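Participant: Please see the structure below; I have some questions.
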């Protein structure tokens with residue numbers, strides 16, 4: 001069972017809770033245990049502040065992943081962590097990349113969920129593994145390959161703040 005806490009702190013239109021639940025369940029499908037996570041939808045001001053605080057980057061990014069650092073046996077429901085998604089950035093990226101809003105949102109949510117499960121894209125091998133899983137999950141939902149038109153290694157990855165900052 002997925003316990004999802006959707007916090008809306010942005011006035012920019014975003015998908016509904018049912019879509020987020022579907023995308024999270026797909027991204028967390030390999031996890032058999034119950035899971036709890038929070039998705040906070042923010043505007044660019046809050047997105048920039050969080051990215052600056054945790055990553056020392058002075059711009060709003062699409063998705064920040066904050067994995068929980070609490071042993072599962074200390075909680076009734078295993079807390080995976082939090083995703084902070086900057087709504088205007090995700091919507092703008094979809095338009096700039098010629099992707100449907102729904103497909104790009106699904107990609108960002110699944111990408112963030114995979115970070116909460118421990119996947120990363122720091123080196124090429126990890127990135128290839130993570131991207132392959134994203135492609136598979138998105139294809140099962142009927143969405144196109146999010147990396148099909150990429151000619152460089154610069155993908156719209158979400159960012160996971162280092163645990164050194166927690």
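Glycine is no exception: its Cβ is also placed from the backbone N, Cα and C atoms.
Sharing the features that Swiss-Prot gives for it:
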BINDING   111, 115, 121  Zn(2+) binding site
REGION    141-166  region 'Disordered'
COMPBIAS  153-166  compositional bias 'Basic and acidic residues'
Participant: Counting other Cβ atoms within 10 Å, pick out the least crowded of the binding-site residues 111, 115, 121.
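Facilitator: Across 111, 115, 121, these binding-site residues, the one with fewest Cβ atoms within 10 Å is 121.
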Participant: Can you check what DSSP calls residue 115 (Zn(2+) binding site), collapsed to helix, strand or coil?
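Facilitator: In the DSSP reduction, residue 115 (Zn(2+) binding site) maps to helix.
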